[in-house]
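These notes are about the structure you will find just below.
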Amino acid sequence: MDLWERARAFAGEAAKRSQELSAEAAKRSSALVSETAKKSKEIFSETASKSREIAAEATKQADLLAGQIKHLASDIPVPSIPPIPAIPPIPTAAAPEPDAAELERYGITDDFREFVKGMTISTFRDFPLQDEPEMSDVPTVSNVRQDLNEWQAKHATLVLSSVKEISKFRYELCPRYMKERKFWRVYFLLVNSYIAPFEKKYFEELKLKAEEEKKDSQKEASESQASQATPAEPKDAKAPSKTSTNPEHDLDVFLLGDLGSDDEGPDVGDDGLDDDFDKIDATSGLESDDDDKRPAAGKADDAK
């Protein structure tokens, strides 16, 4: 019984001591918090004051530096800068629009455009045409399959650039819903009744042009063969030479005439030749044989 009382007293003492320690801890914690708050407030106040002082000093220094820069700038002469001329915009290179004659030649007419406007994506996607195996060796140039003929390839190129409906359908369908080759097969089946006459006319013109070129080439070949078969005219072997490098030969020709032309020229007698001799005697400073004989004969007579 005594032990029980002592344990009870000890428990009560421990509880009392615990309450006292808790109260003391709470008191000290409150004092510490209050002190910490006070210190924080003082530190914050001091920091704000220092910040204001630093900002004021920085503003003062900036104003002073700006004044010095302004003063220095006023002393430096500023060169006059000529106004920069406005640069004209560079024109962008745009693809030339095909003319109406070319569009009509390849079947893109008003009736064709009206028919195309009634098409939809379902017109192509639901068209009853089975897919064929893709030919990988067929190239694609300008969004047009090269397994088309010449006229169809040009028509497809013009359609993509001038008819926005077909260009839109091809962009949305290929290659997500169908292959390029199937798209153009469906397209040409749909518009065949509108473009078939123009395609036929195009190839007929090409055929006529090829025949005309063939005829012209055959004509040129025959004319060339005829010109090669014609013999060249023989040159006159008796034609006299008009130039001579021998001065003595020239003198003989002048005195006696061109011997090579005697057979061809008319007979004019010897009068011309005699006249030439008379002229030579008249102009020459030499005496003839007759003149030499006459003085000799005279001397002989005188001697007699």
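Placed from the backbone N, Cα and C atoms, the Cβ positions cover glycine too.
Residues or ranges marked as region 'Disordered' by TrEMBL: 26-51 (among others). Long-range neighbours of the region 'Disordered' (26-51) within the same chain, counting only residues 6 or more positions beyond its ends whose Cβ lies under 8 Å from a Cβ of the stretch, are absent.
For the compositional bias 'Basic and acidic residues' (36-51), the DSSP counts in helix, strand and coil order read 16 helix, 0 strand, 0 coil. Summarising the annotation, TrEMBL assigns compositional bias 'Basic and acidic residues' to 36-51 (among others).
The annotation domain 'BSD' is assigned in TrEMBL to 150-195.
Here TrEMBL flags 214-304 (among others) as region 'Disordered'.
What TrEMBL records for 223-232 is compositional bias 'Low complexity'.
The compositional bias 'Acidic residues' annotation in TrEMBL covers 260-278.
The compositional bias 'Basic and acidic residues' annotation in TrEMBL covers 291-304 (among others).
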